[in-house]
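Here is what Swiss-Prot says about this protein:
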type	residues	note
BINDING	36, 72, 101	[4Fe-4S] cluster 1 binding site
BINDING	168, 172, 175	[4Fe-4S] cluster 2 binding site
DOMAIN	27-137	domain 'MTTase N-terminal'
DOMAIN	154-387	domain 'Radical SAM core'
DOMAIN	390-456	domain 'TRAM'
């Protein structure tokens, strides 16, 4: 899904003033950012570098001298969306530079769109800048000192993604991320903390920690300590928790040491929220995926986490219809869901991905069976969500305001990440609220995925 489709409306960080009508002689660039939050961070870094070099960011195709399309290539459906976005940019603008995960397959892109100016792979920032320089030469800008230390942001001003590493060391058979983005490469802890400090100083109220494998952070650099900060996820979470913003952890692989994070949640240093992709529950399915196969131990860990921090919210994603998945294996997943009682759940129907080892597995599941299992799984997840939210009616909770219009304030609880989880709506007494405000509400009503409340 495009993060700013298709009219190119990046939300600029606090303190930066960019007129869509560039000054005479000022080079202009547009950006379309597709895919996951990790790709969005790449887009922000590219735009920050370009602004520092004097480029203006165009809010539309017509005002841009060239357009960068940051693509997703994880699934065939994502590839199709990326090709469509490239085609639209070529049609509307004509001068297009392609980067991102699909850029790891340049022949695939140029085979469909031979007129693109350049193709670069994921997180190849210097190559993207070189391509921009060739297409739209830079011009010195005496106003670059107006660029805030936090850089250019494509998210609302009050929250920001904080990427702590690139790549992944796992070899899940359905995934090609290691082929596209390489092995785990952790950022130095002091650099992560300094970036977080700048974001908080610029007004960010919520830091969303992301990577491909957040719980493996620092393994590749042997948990090195530098300038008082150690590259280990527990230490990093503690450091970030001291900055005064909400800290939310995403993409946490279910290692045993994840337990060490839970006391930090109970203490209020980081949000009581874990995004852990379990993928399945049947041991045979997990082995075919090349994933950890101890589903019973996972249930024990979940119970332990809840004992330490009863308020913890658990989000996960699953794949149904994986090659070889039998009805009995799928039923095991449904039974596991009954026991696990996860708060937030996403589910995908398996699809082949070019280059994935799972493509060669026997006994692929028929499309109509995958659809049926997906519907049954989501019905189960929806019922669990509805019951859990209904239990919140009558409680008093803190929320962060995301948006305010004439009818309501759209907020999120500590249990809800932006874009992927639900909302809490305040439809009376919300006058004077602004995005980024953190307020207390009494929960009055619940639906399957959302809440309604009254400001205290």
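Cβ atoms here come from the backbone N, Cα and C positions, even for glycine.
What Swiss-Prot annotates, mapped onto the structure for a quick look.
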residue: 36; record: [4Fe-4S] cluster 1 binding site; Cβ neighbours (10 Å): 20
residue: 72; record: [4Fe-4S] cluster 1 binding site; Cβ neighbours (10 Å): 22
residue: 101; record: [4Fe-4S] cluster 1 binding site; Cβ neighbours (10 Å): 28
residue: 168; record: [4Fe-4S] cluster 2 binding site; Cβ neighbours (10 Å): 22
residue: 172; record: [4Fe-4S] cluster 2 binding site; Cβ neighbours (10 Å): 19
residue: 175; record: [4Fe-4S] cluster 2 binding site; Cβ neighbours (10 Å): 22
* What is the separation, in Å, between the Cα atoms of residue 72 ([4Fe-4S] cluster 1 binding site) and residue 172 ([4Fe-4S] cluster 2 binding site)? -> 18
* Using the Cβ centroid of 168, 172, 175 as the reference point for the [4Fe-4S] cluster 2 site, which residues of the same chain not in that list have Cβ within 8 Å? -> 170, 171, 174, 176, 177, 178, 212
* Counting by DSSP, what is the helix, strand and coil composition of the domain 'TRAM' (390-456)? -> 1 helix, 31 strand, 35 coil
* Structure fact -> Integer Å value for the Cα distance linking residue 175 ([4Fe-4S] cluster 2 binding site) with residue 101 ([4Fe-4S] cluster 1 binding site) is 13
* To do: Do me a favour and check the Cα-Cα span between residue 36 ([4Fe-4S] cluster 1 binding site) and residue 168 ([4Fe-4S] cluster 2 binding site); whole Å is fine.
  => 15
